[in-house]
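> I am attaching a structure below and will ask some questions about it afterwards.
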Amino acid sequence: MSSYIVHRQNITRKEQSTIYWVNVLLSMLTGLLLVAIAWPISWFYHLPQLGGLIMLTSLNFLVLGSLSQYQAHFIKAKRMILLAKIEMVTKFLAFAFTVILLYYSPLGVSAVILGLFANAALRIGCMIWFGDKSWRPTFEFDQGTFYSSLKYGIYQLGSQTINQLRTQADSLIVGKVMGAELLGVYSLAKELILQPLKLVTPVINRLALPRFAEKQHDPVRLQQLFLKGTFVIMLFSAIMYLAIGILSPVIVRVLYGPAHEAVGQLIPLMLLFGMLRPMGGLTGAISQANGRTNVEFYWNVVASIIVVLVLASVWIWPQVEYVALTLSISQVLISVFAHPFFIKPVIGIRFLPYARQWISVSAVFVGIIALVSHYNLFIMPEWFSRWL
């Protein structure tokens, strides 16, 4: 719901306060829900200590609702550099706090959870201190804003939930069809592909969301921004994943050790998936900026159907290499079908201008990776045997 503030460019103090208190209330209700289910979960898993840890985790929700609102204000005001500085400093302080607790107290896992809470509390404290006073909420409520922001937030939450389930569908099938051993190999390869996305996607959203929101009433300029953004992101993503692909034998040896070199055989098959996936951050940002989270939700349903249909073929070819390849196949299909189901309804761009931004880059990327794989042009760990 925090991105609703960015979408609503001109918002009154009363409307802003309404969104703030609704977000805080929902955050606290989520925390109470965690407290309520803590003991049933610990009983189900026969781990008595788990209940206390889950209840301790609920502390985070005391500040997360407020934190997300202030973060949205920083993004809307394009104060990303200050926001990044706050996050780096508070993460370092929270890390130091966690290490001290682990070293000088018997808290164990609880120290890590308290470290997360300390990080959130420090961040909101710094954001309040460095943020504008006009961002601070008042005790006012606007019913119209409440309903519109709630509708916006529910669709966005639904989209994120479906997206997470879709991301894990392949792992469920590998575990069911091929067993735990191959699931372990597959999961390590996929995690290596996903890790850069966890860093890149939030940056894309933070940079794109306020700019798209500013131009939401200027369709021509919005289309130009989207097309330019797509091309730049694809170019950056292609270079990043090309480097990961060529260095994959070394990366696997360093991260997983020589016993898991089978992981490296799956990575080239997943590279196109990783390269194309950052486009999802851009499409998500443009739907949120235009207040079209309902279209984003329905598109995620369609994308999930595409993934399930492609994954269904795994029962015909139950090979872990084929499952790795289906990730890339699914992402290509999602990139194509995103146009009629999502991009055209939201910003009205024709297919050819959209396709030109990523198909040519993807074709060159696939060609280079194919040549590297065919002629075994990977950088090998044996070249660095003195250090590895």
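Yeah, the Cβs are placed from backbone N, Cα and C, and that goes for glycine too.
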> Need the matching range: Swiss-Prot marks transmembrane segment on one of 47-67, 68-88, 173-193, 257-277, and I'd like to know which.
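From Swiss-Prot, the annotated transmembrane segment range turns out to be 47-67.
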> The transmembrane segment (97-117) and the transmembrane segment (231-251): do they have three or more Cβ pairs under 8 Å, with pairs 6 or more apart in sequence?
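Not in contact, no.
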> In the same chain, who gets a Cβ under 8 Å from the transmembrane segment (359-379) while lying at least 6 residues past its ends?
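Answer is 231, 234-235, 238, 241-242, 245-250, 268, 271-272, 275-276, 332.
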